[in-house]
Amino acid sequence: MVLSAADKGHVKGIWGKVGGHAGEYAAEGLERTFHSFPTTKTYFPHFDLSHGSAQIQAHGKKIADALGQAVEHIDDLPGTLSKLSDLHAHKLRVDPVNFKLLSHCLLVTFAAHLGDAFTPEVHASLDKFLAAVSTVLTSKYR
């Protein structure tokens, strides 16, 4: 998936608006994923999956940090996410569809919190960005 210059600008702009809430929003998106798609819980049998648990918050921060790195290095997603791709493909063996499910729930969460800043153009660009991140994260599965 090729991100246009406009897409990259929208992603960087909205990530700037997310700011210090990135970990909180990512944790909410993760929790939303667990509720909307219960099969995703199978990868977290050791987690306390209750609302706002410390483990969900901590994993949300990891997700947010990885996305922040991806935004910062938007022109080199494969290089930026290579180690994370290895981890998910070879050690964790996460079903690739779960990245799409999480991406969807992250979009819903961002839309709920960002209001008018989450324009249709931003939505489309962020969707393309998350799809590109998902593609990179699943690239080592082949």
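One-based numbering along the chain as shown.
Each Cβ is built from the backbone N, Cα and C atoms, and glycine gets one as well.
His59 (O2 binding site): 18 other CB atoms within 10 A of its CB, across all protein chains. Summarising the annotation, Swiss-Prot assigns O2 binding site to His59 and lists sequence analysis as the type of evidence.
Annotated heme b binding site per Swiss-Prot: His88, in sequence order. The C-beta environment of His88 (heme b binding site), restricted to residues of the same chain at least 6 apart in sequence and closer than 8 Å, consists of Val94, Leu137, Thr138, Lys140. According to DSSP, His88 (heme b binding site) sits within a helical segment.
Sequence annotations record features per position, and here Swiss-Prot assigns domain 'Globin' to 2-142 based on sequence analysis.
When Cβ atoms from all protein chains are considered, those within 10 Å of Ser4 (phosphoserine) total 10, not counting its own. The feature phosphoserine is assigned by Swiss-Prot to Ser4 (among others), with similarity to another entry given as support.
Taking the Cβ of Lys8 (N6-succinyllysine) as reference, residues of its chain lying under 8 Å away and at least six apart in sequence are, in sequence order, Ile74, Asp75, Ser125. Swiss-Prot lists Lys8 (among others) with the feature N6-succinyllysine.
Marked as N6-acetyllysine by Swiss-Prot on the basis of similarity to another entry: Lys17. Its own atom aside, the Cβ of Lys17 (N6-acetyllysine) has 14 Cβ atoms within 10 angstroms in the protein chains shown.
The phosphotyrosine annotation in Swiss-Prot covers Tyr25. Within the same chain, residues at least six positions away from Tyr25 (phosphotyrosine) with a Cβ under 8 Å of its Cβ are Val18, Gly60, Ala64, Leu106, Thr109, Phe110, His113.
Under the heading N6-succinyllysine, Swiss-Prot lists Lys41 (among others). The Cβ of Lys41 (N6-succinyllysine) has Phe34, Leu49 as same-chain neighbours under 8 Å, each 6 or more residues away in sequence.
Ser50 (phosphoserine) falls within neither a helix nor a strand when secondary structure is assigned with DSSP, and so counts as coil. The phosphoserine annotation in Swiss-Prot covers Ser50 (among others) and rests on similarity to another entry.
Reduced to three states, the DSSP call for Ser103 (phosphoserine) is helix. The phosphoserine annotation in Swiss-Prot covers Ser103 (among others).
What Swiss-Prot records for Thr109 (among others) is phosphothreonine.
Marked as phosphoserine by Swiss-Prot on the basis of similarity to another entry: Ser125 (among others). In the three-state DSSP assignment, the secondary structure recorded for Ser125 (phosphoserine) is helix.
Per Swiss-Prot, the feature phosphothreonine maps to Thr135 (among others); the stated evidence is similarity to another entry.
Sequence annotations record features per position, and here Swiss-Prot assigns phosphothreonine to Thr138 (among others) based on similarity to another entry.
According to Swiss-Prot, the feature phosphoserine maps to Ser139 (among others). The Cβ of Ser139 (phosphoserine) has Pro78, Ser85 as same-chain neighbours under 8 Å, each 6 or more residues away in sequence. In this structure, Ser139 (phosphoserine) is part of a helix by DSSP.
Following the DSSP three-state reduction, the secondary structure of Lys41 (N6-succinyllysine) is helix.
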